[in-house]
Amino acid sequence: MKPWIAMVCCLVFFLTTECSHSKPKTHRKDEDKFQISLQKHEFRPRQGKCDGLCSSSSSCNQSCPWNFRGEIVFTCNQNKWQKTIETCTSLSVDTLFQRIHPAASLSLASSSVFPMSLIGNAAPVHIGNVFQGIQKYCPEDYVCIVDAVKSSAVTSGNIAFIVELLKNISSNLQTSGIHDNVNWKKMKNYGKVANHILGPTAISNWAFIANKNASSDLLESVNSFAKKLQIQGKSESIVDELFIQTKGSRISHSSSEHSLSLSVPRYNATEDVLVVIEIPRQALQELSFNASQAIVVAFPTLGAILKEVHRPNTSLQKPIDDLILSLVLPEGLNEIILTFDKINKSQSTSSQCVSWDPATGQWDESPCTVMSDINSTVKCRCRHTKAVTSFSILMSSKPVKNTILNHITFIGLSISIFSLVLCLVIEAIVWSRVVVTEISYMRHVCIVNIAVSLLTANVWFIIGSNFSANVQEDHKWCVAVTFLCHFFFLSLFFWMLFKALLIVYGILVVFRRMMKSRMMAIGFAIGYGCPLVIAVITVTVTEPGEGYTRKDACWLNWNQTKALFAFAIPALAIVAVNLLVVLAVAINTQRPLIGSSKSQDMAIVFRISKNVAILTPLLGLTWGFGLTTLLEGVHLVFHIIFALLNAFQGFFILLFGTIMDHKIRDALRMRVSSLKGKSRAAEKVSLSPANGSRILNR
């Protein structure tokens with residue numbers, strides 16, 4: 001079956017008033033089992049040196065109980081020790097499979113290591129081995145890891161371990177060449193593992209995990225796993241745990257309308273919450289004719305966990321609710337209608353739906369609007385609008401998702417593409433008049449190839465943005481697009497390097513000139529040969545392990561293989577060389593005459609400024625700001641400056657490299673005058689008496 005998933009929307013409904021905290025009547029047996037399992041493996045921190053009074057700005061590390069690995073970190077707050085990080089874990093690769101195979105001691109090759117920061121002083125746990133163990137012992141249903149997870153204490157360290165476990169399972173399905181679809185047994189047991197760390201006892205422990213993105217990682221991992229789920233019947237309830245529920249339904253283009261209802265039990269409410277997902281008829285008709293499916297995953301407590309870990313939204317006017325719905329929708333479906341039961345029906349409260357943005361760790365109101373808010377139900381219309389990938393991703397070690405950056409990128413690239421096309425048209429018009437000498441010929445060859453490389457790179461960058469929401473399903477296409485982007489952006493830089501070398505050649509060599517054919521050969525070898533070698537080596541080395549592209553965008557990988565260095569290092573090295581060339585030009589331009597007047601000095605300053613302004617976009621000096629975006633946690637303003645300067649580079653090339661060149665302007669005027677002269681001559685010929693007599697003689 002062809003890949004059909006194009007979008008995952010994470011939506012949450014919340015009220016303006018706090019809800020009651022009474023326990024539910026439903027799932028009472030499951031709740032009792034949950035409490036019993038916790039009592040079996042009670043976690044009791046040791047009494048030790050991190051007790052009593054303390055001095056401000058001090059910290060204290062305390063070892064975990066004897067049957068746990070890791071440590072507990074305390075910091076002093078108002079003269080009292082306060083727990084900040086806890087990495088105590090009892091889970092490991094061996095303990096997961098001990099019940100299935102007591103003598104199991106997995107020593108399989110692994111590409112994913114559990115971060116040291118999450119387990120304190122324990123040895124690194126090769127989480128990648130877990131998936132290989134699953135493939136060995138229980139590939140059909142994943143049941144072999146469920147008991148070990150459910151019997152473990154819900155410590156912060158174990159929560160982090162389980163999140164990494166679920167994340168690894170999901171990513172291995174996508175990237176390890178194992179493309180089997182997820183059946184209902186796998187989804188059910190995967191849900192049981194996730195359910196263990198979503199209970200009310202676990203909520204407060206999420207705050208002490210070193211990785212503050214763990215809750216968001218869990219949400220994305222479950223979504224990624226649910227993407228592979230194949231629904232067999234018309235409507236199926238797959239996972240029905242206390243803290244996670246999954247339901248799927250088949251949908252088709254021919255349906256008049258479609259709805260999917262889900263009754264979600266609430267741990268802190270007396271009644272279940274009924275959620276109805278409707279797909280409008282018009283949205284269904286826009287789908288492809290092949291039958292598809294929609295999947296909803298409900299997390300009754302994940303909203304509370306996200307609130308516990310992430311900072312509150314200052315822009316939202318209402319307190320957030322705990323229920324989160326993840327919707328896995330087919331390709332082309334951009335609109336849905338959500339109907340929720342209000343939790344507290346006795347109060348008159350206003351409500352709204354929002355979407356979770358994992359990049360910013362914030363809720364976003366823009367995708368959803370409230371259609372009705374009457375009595376006990378709320379109805380919202382939610383649309384999925386895919387934004388263009390931010391231009392700052394080209395140098396960034398971590399993609400920055402921001403509306404301002406997206407707008408700058410979209411507007412800048414549109415203007416740049418138009419400007420570069422216009423630049424090439426002008427070059428074609430004036431070519432015969434401006435390429436008089438070898439140096440002028442090579443100068444315009446450089447400008448044309450710089451424009452062609454940047455134009456092609458920008459077009460492929462936009463195409464790559466359209467794959468960013470579905471990178472895993474379109475992996476081969478994403479690799480191809482990334483390779484072309486990589487090659488043409490490198491070609492841009494190497495042609496700018498060759499132009500800088502031509503400038504140095506013109507300054508240093510006055511009387512002796514190189515043959516045009518030799519200069520052309522050197523130019524194309526540098527401009528296209530070097531980038532091709534770098535791009536081919538990069539994809540050859542990294543792609544066998546599927547580490548060439550990012551997991552969330554069609555661009556060079558950073559986290560696993562550092563393939564981004566294959567672009568950043570050559571680009572920044574060329575920028576450094578070109579900066580030295582600009583300084584050399586500035587020094588060469590400022591030769592003052594003896595006894596020169598103040599006006600002559602000002603003319604020199606103006607000439608230097610003009611040369612620097614012209615050479616800056618043509619030699620790519622604006623890309624020097626990319627050095628700041630390579631650093632994690634850098635302020636958004638640097639990304640904005642980088643996007644502004646480089647998204648508009650095509651416009652700057654047209655302005656400073658073409659329009660401000662007086663020879664090109666003169667050639668254009670001559671061309672226009674020549675065309676006007678020809679048109680006048682044609683008019684005179686058509687209106688001449690001789691021509692008129694010939695017409696009459698016919």
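Including glycine, each Cβ sits where the backbone N, Cα and C put it.
In the three-state DSSP assignment, the secondary structure recorded for CYS380 (disulfide bond) is strand. Here Swiss-Prot flags CYS353-CYS380 (among others) as disulfide bond.
Residues or ranges marked as disulfide bond in Swiss-Prot (evidence: sequence analysis): CYS368-CYS382 (among others). Reduced to three states, the DSSP call for CYS368 (disulfide bond) is strand.
Here Swiss-Prot flags 250-401 as domain 'GAIN-B'.
Within 10 Å of the C-beta of ASN61 (N-linked glycosylation site) we count 14 further C-beta atoms, all protein chains included. Residues annotated as N-linked glycosylation site in Swiss-Prot, with sequence analysis given as evidence: ASN61 (among others).
Sequence annotations record features per position, and here Swiss-Prot assigns N-linked glycosylation site to ASN168 (among others). In three-state terms derived from DSSP, ASN168 (N-linked glycosylation site) belongs to a helical segment. Neighbours of ASN168 (N-linked glycosylation site), defined as other CB atoms within 10 A of its CB across all chains, total 23.
A coil conformation is recorded for ASN213 (N-linked glycosylation site) in the three-state DSSP classification, outside any helix or strand. According to Swiss-Prot, the feature N-linked glycosylation site maps to ASN213 (among others), an assignment based on sequence analysis.
The N-linked glycosylation site annotation in Swiss-Prot covers ASN268 (among others) and rests on sequence analysis.
Feature annotation from Swiss-Prot assigns N-linked glycosylation site to ASN290 (among others); the stated evidence is sequence analysis.
Residues or ranges marked as N-linked glycosylation site by Swiss-Prot on the basis of sequence analysis: ASN344 (among others).
Look at Swiss-Prot and you will find ASN375 (among others) tagged as N-linked glycosylation site, backed by sequence analysis. According to DSSP, ASN375 (N-linked glycosylation site) is assigned to coil rather than to any helix or strand.
If you look up Swiss-Prot, you'll see ASN466 (among others) marked as N-linked glycosylation site, on the strength of sequence analysis. ASN466 (N-linked glycosylation site) falls within a helical segment according to DSSP. Residue density at ASN466 (N-linked glycosylation site): 15 other Cβ atoms are found within 10 A of its Cβ, drawing on all protein chains shown.
Annotation source Swiss-Prot lists N-linked glycosylation site at ASN559 (among others), citing sequence analysis. In this view, ASN559 (N-linked glycosylation site) is surrounded by 11 other Cβ atoms within 10 Å of its Cβ, with every protein chain counted.
Taken from Swiss-Prot, the feature region 'GPS' covers 353-401, and the record attributes it to sequence analysis.
Mean pLDDT for the topological domain 'Extracellular' (20-409) in this predicted model: 72. The topological domain 'Extracellular' annotation in Swiss-Prot covers 20-409 (among others), and the record cites a curator's inference as its basis.
Annotated topological domain 'Cytoplasmic' per Swiss-Prot: 431-444 (among others), in sequence order, evidence recorded as a curator's inference.
If you look up Swiss-Prot, you'll see 466-486 (among others) marked as topological domain 'Extracellular', on the strength of a curator's inference.
For the pair formed by ASN559 (N-linked glycosylation site) and CYS368 (disulfide bond), distance between Cα atoms is given as 33 Å, rounded to the nearest Å. Sequence-distant contacts of the transmembrane segment (410-430) (same chain, at least 6 residues past either end, Cβ-Cβ under 8 Å): 388, 391, 444, 447-448, 451-452, 454-455, 458-459, 461-462, 643-644, 646-651, 653-655, 657-658, 664, 667-668, 671. Across the fold, the C-alpha of ASN375 (N-linked glycosylation site) and the C-alpha of CYS382 (disulfide bond) stand 21 Å from each other. In terms of local Cβ density within 10 Å, CYS353 ranks first among the disulfide-bonded residues CYS353, CYS382.
Through the fold, the topological domain 'Cytoplasmic' (431-444) approaches residues 499, 502, 506, 513-516, 519-520, 523, 663-664, 667, 670-671 of its own chain, all at least 6 residues removed from its boundaries and within a Cβ separation under 8 Å. Between the transmembrane segment (519-539) and the listed ranges 445-465, 487-507, 636-656, the one holding the most Cβ pairs under 8 Å is 487-507. Measuring Cα to Cα from CYS353 (disulfide bond), the recorded positions that fall within 10 Å are CYS382, out of ASN61, ASN213, CYS382, ASN466. Least crowded of the glycosylation sites (ASN213, ASN375), judged by neighbouring Cβ atoms within 10 Å of its own Cβ: ASN375.
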